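Engineer: I'd like to ask you about the structure that follows.
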Amino acid sequence: MIYQADTLQVKEIQDGIAELSFCSPKSVNKLDLATLESLDKALDALTSHQGLKGLMLTSDKDAFIVGADITEFLGLFAKTDAELDQWLQFANSIFNKLEDLPVPTISVLKGHTLGGGCECVLATDMRIGDKTTSIGLPETKLGIMPGFGGCVRLPRVIGADSAMEIITQGKACRADEALKIGLLDAVVETDALYESALQTLTSAINEKIDWQARRKQKTSPLTLSKLESMMSFTMAKGLVAQVAGPHYPAPMTAVITIEEGARFARNEALDIERKYFVKLAKSEEAKALVGLFLNDQYIKGIAKKAAKSASKDTERAAVLGAGIMGGGIAYQSALKGVPVLMKDIAQPSLDLGMTEASKLLNKRLAQGRIDGFKMAGILASITPSLHYAGIENSDVIVEAVVENPKVKATVLSEVESHVGEDTVITSNTSTIPINLLAQSLKRPENFCGMHFFNPVHRMPLVEIIRGEKTSDETINRVVAYAAKMGKSPIVVNDCPGFFVNRVLFPYFGGFSMLLRDGADFTKVDKVMERKFGWPMGPAYLLDVVGIDTAHHAQAVMAEGFPERMGKQGRDAIDALFEANKYGQKNGNGFYSYTIDKKGKPKKTFTEDILPVLADVCADKQEFDEQTIIQRMMIPMINEVVLCLQEGIIATPQEADMALVYGLGFPPFRGGVFRYLDSVGIAEFVEMAKQHADLGAMYHVPQMLIDMAAKGESFYGAQQQGSI
């Protein structure tokens, strides 16, 4: 043994050839701080090892290295610029040491080789993988960019254009693609991988492969003419500006880094990479996006605990109510390996549900994500039925009939009589209280809400709603089932609107009040999209949700929270509803809609909306962008905080993920609680006070007032790794 540490070891495997194996005692290998320090010492040991002829990098896991340890990021980013720069110099000195070994080196890859793992293997002379290999640099998705030499080495290995595509998109390449662009030198069968790598390394040792020329290419400036350079980087900047936009600076910063470093040799180019990495790491966007990743891991951890605590797994499910929503739920369940009975009282609805599932599967088939055999198997695992026969075999029932409390209560009571005592029954509802529906059941402890978002196959969030009598066992089983479906389940307590709709309607309330006071709804949409970062402004979102749906939900919320959400007279939503302008569904709402060549609705502003709004809107008034943002966001933020204060949602992490996954809250802002920490709670309280005369929606919850007085934050030292 040449060197041994907790997460890696080095041994000589045959005359002069050493193997450095990453072998973390955990389930995956990560390039955490401890592993980096061990790698540094291992390379020192190799440098002083007599008779060294070549080095292989291997992993004892199904994945080579999944990346750096993201739990350590926020702690690192909290360092001063100088401290972070110094740490990056140390980290890069390790990979330089690997690259500068006086012998040929090869990385033997299988499974994921991502982020820091990819940057590590770029420092070796050769890379060989099997068909399971996936290699790439996802850092820009976290608001940063490669900082271990990825922006320097990758363009020199595969060319600037391919490198910029991978880095700016945060892309991972499959083995065949990586081979095609030169990121891998060979792809072989898994059984032959180790031996093939050994043979390749031996060929390099025997000078049959010019490994020194490869190394020189990586440590020299990029070979681009002035014209090539101008074309590559100008085009890349244009594409990135179009796709990433101004709220996500990491992709553009990566392009600038590669461009500026192109004319320098390795060490000078690494200095440039380090400078820009520090700038990104200190940004609010990086803090928010890394925080979201950690929050997502937190949600997944809760789901894993639920699955372990549940007395049984969901092996079969049933959906009551077909159509597009029921078909979407059935599709998602079957896709993830849980056969489902889809029951409805009308054959046309069953046909629509099966058509929806078939349409979604055909899309996957066209994208090459499944083959015909797999598609047929998934479709066959959805059983449409007009009867309850066979439903007794289901572990979980999802009721998804029309949003009517009497109809739902009847269906729930009926299905309970057809299933066993340990069958869990759930209701997919967005507005009807779970405690009310539970009254129709003999076993309310086996019942909870399971609120899917539309379209089911795209929206990651599922709200799991706990009623007063819902048992922990029921919650655990439903959370585990939602996770099995590939969703992100978040448990909330029952209240009008649950969590997501409850916090959405004060936002719509703020919008209605802006229109009442003379704001132009098209300007409000532009500000909330372009400046704040929502995927849709409030008027456009209302059109997509459906004005009729919003009108009904608004009435439910007004009844549930009359002080904050009760209305004084008619508003814009009422006016459109009364004019039968329901939004996209009937082609007219705030905007008018036509179908484009791709079959998608295209919105345009037409003046026929103005008379409809005339009696609920004041004469046109100009509002600056900050006022629009404040008047739109303060009501939502206050309601989110009240939900935490009242225990409707358990943690800031779950609230922020629900907002991003369920409403499209701008990811670069990290959710309401991350946003509050970024703005400063005391600053937010003062800002809200300036709008207090607008009504109760703008009155700050006591929790925020108390936290502001104590100088507290929601995340604080949380998610900060110990450095």
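One-based numbering along the chain as shown.
Backbone N, Cα and C atoms are what each Cβ position is placed from, and that goes for glycine too.
What Swiss-Prot records for 1-189 is region 'Enoyl-CoA hydratase/isomerase', and it gives sequence analysis as the kind of evidence. The site 'Important for catalytic activity' annotation in Swiss-Prot covers Glu119, Glu139. The substrate binding site feature in Swiss-Prot is assigned to Asp296, Asn501, Tyr661; the stated evidence is sequence analysis. As annotated by Swiss-Prot, region '3-hydroxyacyl-CoA dehydrogenase' applies to 311-723, with the evidence given as sequence analysis. Annotation comment: Swiss-Prot describes Met325, Asp344, Val401, Val402, Glu403, Lys408, Ser430, Asn454 as NAD(+) binding site, evidence class sequence analysis. Per Swiss-Prot, the feature active site, for 3-hydroxyacyl-CoA dehydrogenase activity maps to His451; the stated evidence is sequence analysis.
Looking at the shown structure, can you explain where the listed features end up?
Structural biologist: Non-local neighbourhood of Glu119 (site 'Important for catalytic activity'): Phe95, Leu137, Pro146, Phe148, Gly149, Gly150, Arg153, each in the same chain, at least six residues away, with C-beta under 8 Å from its C-beta. In three-state terms derived from DSSP, Glu119 (site 'Important for catalytic activity') belongs to a helical segment.
Cβ neighbours of Glu139 (site 'Important for catalytic activity') (same chain, under 8 Å, six or more residues apart in sequence): Gly115, Met145, Pro146, Gly147, Gly150, Ile167, Gly170, Ala250.
Cβ neighbours of Asn501 (substrate binding site) (same chain, under 8 Å, six or more residues apart in sequence): Ser430, Thr431, Ala553, Met557.
Long-range Cβ proximity for Asn454 (NAD(+) binding site), meaning a same-chain Cβ under 8 A and a gap of 6 or more residues, is found for Met325, Gly328.
Taking the Cβ of His451 (active site, for 3-hydroxyacyl-CoA dehydrogenase activity) as reference, residues of its chain lying under 8 Å away and at least six apart in sequence are, in sequence order, Asn428, Thr429, Ser430, Val462, Glu463, Ile464, Ile465, Phe498, Val500.
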Engineer: Rounding to the nearest whole angstrom, report the longest C-alpha distance spanning Met325, Asp344, Val401, Val402, Glu403, Lys408, Ser430, Asn454, listed for NAD(+).
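Structural biologist: Among the residues the record ties to NAD(+), max Cα distance equals 20 Å.
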Engineer: Count the Cβ atoms, other than its own, that fall within 10 Å of the Cβ of Lys408 (NAD(+) binding site), considering every protein chain shown.
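Structural biologist: Looking across every protein chain shown, the total is 23.
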Engineer: Just how many other Cβ atoms lie inside 10 Å of the Cβ on Ser430 (NAD(+) binding site)?
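Structural biologist: Taking every protein chain into account, the count is 19.
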Engineer: For Val401 (NAD(+) binding site), what residues in its own chain, 6 or more apart in sequence, show a Cβ-Cβ distance under 8 Å?
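Structural biologist: Once residues fewer than 6 apart are set aside, Val401 (NAD(+) binding site) is near Leu320, Gly321, Val407, Lys408, Val411.
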Engineer: Near the Cβ of Tyr661 (substrate binding site), how many other Cβ atoms are there if near means within 10 Å?
Structural biologist: 23
Engineer: Rounded to a whole angstrom, what is the largest C-alpha distance between any two of the residues Asp296, Asn501, Tyr661 that the record assigns to substrate?
Structural biologist: 21
Engineer: Sorry to bug you, but what's the C-alpha spacing from Tyr661 (substrate binding site) to Asp344 (NAD(+) binding site), rounded to the closest Å?
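Structural biologist: Tyr661 (substrate binding site) has its Cα 29 Å from the Cα of Asp344 (NAD(+) binding site).
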